[in-house]
Amino acid sequence: MRTVQFLASLWLLLHLAVCVLGGAVPGQPIEDDDDAMHPHLEQNARSSARRIKGEDTQDYWLSASKEHILEKLNYVRNTKRAKNIILFLGDGMGLATLAAARSYMGGEEKKLSFEKFPYTGLSKTYCVDKIVPDSASTSTSYLCGVKANYGTIGVNAHIKRGDCEAMADTSNHVFSVGKWAMDAGKAAGLVTTTRVTHASPSGVYAHTADREWENNAVLEEACGDLAKGLDDIAVQLIHGEVGSKLKVMLGGGRRNFMDLEFYKNGRRTDGRNLVEEFEAMSDRNTYVKNRKKLLKVNPAETDRLLGLFSKSHMHYHEEQLADPENTEPTLEEMTQKAIEMLETEENGYFLFVEGGKIDISHHDTMARIALDETAELSKAVKLARKMTSEEDTLIVVTSDHSHTFSMGGYQKRGSDIFGKAKSSGTDGKPYLALSYANGKSFDTYYNVETHERVDPMSLMSDGADAAQLFPATAPLESETHGGEDVGVFASGPWAHIFTGVYEQNTIPHMLAFAACVGDGQTACD
């Protein structure tokens with residue numbers, strides 16, 4: 001086997017030398033800018049003249065295929081114990097989103113940072129009671145290792161959404177790989193661009209019969225007298241069995257932690273200020289609410305870090321760029337600080353990082369924003385892989401579910417992915433390459449009085465509008481999720497076990513296997 005790998009490597013070197021001398025390196029654009037992960041919206045259209053050198057020849061494609069095979073042959077499976085685990089989630093990041101994001105980044109031949117990872121698989125996302133899941137039930141799946149009912153978090157399928165009485169039965173509670181890691185002596189943390197009490201990050205630490213119970217007011221309204229003895233999600237983050245031990249918590253959602261008495265946008269009605277309660281736990285607990293203070297945090301002087309940078313979800317990256325008074329950090333910056341905090345731990349760590357606004361922008365049929373948020377996640381993953389070692393840190397990137405977002409129309413290579421397709425519809429009007437099966441933009445692109453489509457090009461502004469809505473076939477207030485499988489990308493110790501097609505709830509068990517945590521099968525057995 002070693003002889004085969006040696007000869008394969010030797011052939012590859014000779015082959016690449018010939019390609020370089022001939023001026024055609026497979027996959028190498030004439031002008032390559034791999035770091036342009038979030039081009040300005042008005043400049044994201046690629047010139048049709050920008051072609052890959054040599055791709056009009058069969059030698060180019062034959063050489064590229066050979067190179068790919070040799071790359072696979074040279075992979076060495078890493079079966080070392082994973083000291084650290086980082087799980088990245090692109091909320092709502094289906095395969096169509098990935099494909100369109102490549103074009104947004106500058107070309108169909110591009111790869112997002114995690115698409116360069118050596119091992120890939122597909123995850124089946126359905127939940128116990130629905131074919132198409134939500135972000136709550138899926139967070140229970142990919143974090144806690146069991147599939148659950150729609151709308152519930154950190155509980156098994158004995159609990160239906162909104163069942164206050166069943167929620168009180170702790171035998172129905174399930175715990176995340178974050179807790180498994182902490183039980184093994186590791187640290188844990190979470191980062192998100194949504195509220196830290198939102199569905200995805202809550203799966204790390206919360207147990208609730210309804211994802212909406214983020215503060216006491218909504219919990220008490222739903223459960224009445226049964227709410228006594230139940231904790232809302234924000235309380236569970238600060239005082240819960242898991243939340244109270246998390247080392248890093250960064251994201252949005254300040255409103256769920258404070259009463260109106262303390263914060264004008266507060267949603268609590270119990271007179272509590274959970275941020276002050278967090279700070280009172282230890283003089284080495286640090287709370288920050290803006291980018292400047294986050295970047296100044298010294299991990300050597302901080303035991304636990306809580307950052308709440310907005311009243312609700314954090315703003316879209318494009319909004320941050322457009323606002324000269326923006327005070328919010330980027331996903332990349334939060335990821336960097338979280339790793340800096342956690343890497344001080346001798347026994348390693350588990351970190352959950354969510355690019356949550358891919359999903360939110362898709363729900364609003366804002367494809368431009370969704371693709372930019374995807375590019376931002378790619379930047380955060382690239383940084384994390386750079387800051388850590390593949391020898392001891394397993395990084396897995398996946399999604400919870402997809403959306404009804406699609407890309408079609410036979411447009412030319414190098415054309416604007418946000419533009420019209422090559423041909424027109426049977427009504428003689430053009431249609432856009434990107435669209436949704438349902439959503440709030442139905443009335444924007446269809447005249448319900450004349451019963452005809454609106455020419456989409458008549459709605460396009462001279463300058464690219466980040467908040468532009470894209471067409472939807474069926475009218476809904478909010479576009480829905482999709483039910484197809486989503487990608488899983490892995491790099492580091494035991495990354496090779498993430499190949500194939502499997503149930504989504506298998507993911508945390510494979511993470512635990514690699515790190516030798518939890519009560520299940522591990523690499524150390």
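Indices start at 1 and increase along the chain as displayed.
Glycine too: its Cβ is placed from the backbone N, Cα and C atoms.
Annotated features in TrEMBL:
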type	residues	note
ACT_SITE	SER135	active site, phosphoserine intermediate
BINDING	ASP91, HIS198, SER200, GLU354	Mg(2+) binding site
BINDING	ASP91, ASP359, HIS363, ASP400, HIS401, HIS481	Zn(2+) binding site
SIGNAL	1-22	signal peptide
Enumerate same-chain residues with a sequence separation of six or more from HIS198 (Mg(2+) binding site) and a Cβ-Cβ distance below 8 A; give 'none' if the list is empty.
-> SER135, THR192, ARG211, GLU214, GLY251, GLY253, HIS313, GLY356
Determine, for the Mg(2+) site, the additional residues of the same chain whose CB lies within 8 Å of the mean position of the CB atoms of ASP91, HIS198, SER200, GLU354; present them in sequence order.
-> LEU89, SER135, SER139, THR192, THR193, THR194, ALA199, PRO201, GLY356, ASP359, ASP400
Inter-residue Cα distance where the pair is SER200 (Mg(2+) binding site) and HIS401 (Zn(2+) binding site), in Å | 11
Closest of the binding-site residues to ASP91 (Mg(2+) binding site), Cα to Cα, picking from HIS363, ASP400, HIS481?
-> ASP400
Candidate nearest GLU354 (Mg(2+) binding site) in space, where candidates are the binding-site residues HIS363, ASP400, HIS481 and distance is Cα-Cα = ASP400
Which residues, sitting 6 or more apart from HIS481 (Zn(2+) binding site) on the same chain, put a CB under 8 Å from its CB?
-> GLY92, VAL132, PRO133, ASP134, HIS401, SER402, HIS403, THR404
For HIS363 (Zn(2+) binding site), what is the tally of other C-beta atoms lying within 10 angstroms of its C-beta?
-> 21
What is the nearest of the binding-site residues ASP359, HIS363, ASP400 to SER200 (Mg(2+) binding site), using the Cα of each?
-> ASP400
Neighbour count (Cβ, 10 Å) for ASP400 (Zn(2+) binding site) | 30
